[in-house]
Amino acid sequence: MAAFPGPAFEPRPELPLKPAMDNPKRILIVEDDVDIANVLSLHLRDERYEVVHSADGNEGLRLLEQGGWDALILDLMLPGVDGLEICRRARAMTRYTPIIITSARSSEVHRILGLELGADDYLAKPFSVLELVARVKALLRRVDALAKDSRIEAGSLRLAGLSIDPLTREAAADGKPIELTPREFDLLYYFAQHPGKVFSRMDLLNAVWGYQHEGYEHTVNTHINRLRAKIEADPAQPERILTVWGRGYKLAVPGETAAPNGAPKDAS
């Protein structure tokens, strides 16, 4: 097998075998570098995941469309359909599949673009296989926790004219359905679970995206702006998602509005 560039690809540690799972998580890897895919598949199978690999964008998209995947590990630079297009199409599908992008395209533009299209995480090559496996596990735990919370809460949250149903992942503003991307829904739902609480961009990255990285803070701003465009009567003068200058953002509680400079004030 060809050597990997740099020290990032560690030898696989000798660990005791994990017990087989009754319903193993299914992970699709779309990666044209067969050496990387083989090592990654080996580590993921050690964690008792079911892994399928495709080295071609067209085949990868076809496999993705068959459904039933618990996570997608996606390279950007692929023969056939490229990774960004696969990411875009994945987010247009009814079933939500967590996506981790891996690519030699390390510029901030490509990182942000992938995240804006709905990817859940991004690693630039060369990366640590052990770190990627850890991120996959963390992402799957977070998705499972969200699903559990949805089953427990089992009802819509209603606040400030908003209705948010975690089971159907549907939302409405002033009684009118609104179309939200998966990440927009997660962000709005998180705000609704903590009305009146101020969150910094890093807080939101950690809670909603699942990681902290200063280079990704701009994507929070973009998602806030998109949410406001969908749920505010006048996005330029928001009344629901308020900016608390120097601190972050909050979902207004009933009776609260924004002051002229954007800071929250009491409507009374």
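A Cβ is built for glycine as well, from the same backbone N, Cα and C atoms used for every other residue.
TrEMBL does not curate its annotations; it predicts them automatically.
According to TrEMBL, the features are:
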type	residues	note
DOMAIN	26-140	domain 'Response regulatory'
MOD_RES	Asp75	4-aspartylphosphate
DOMAIN	154-253	domain 'OmpR/PhoB-type'
DNA_BIND	154-253	DNA-binding region
Cβ-Cβ neighbours of Asp75 (4-aspartylphosphate) (radius 10 Å): 24
The domain 'Response regulatory' (26-140): DSSP-derived helix, strand, coil residue counts: 54 helix, 24 strand, 37 coil
Counts by DSSP class (helix H/G/I, strand E/B, coil) across the domain 'OmpR/PhoB-type' (154-253): 39 helix, 23 strand, 38 coil
Mean predicted confidence [pLDDT] for the domain 'OmpR/PhoB-type' (154-253): 86
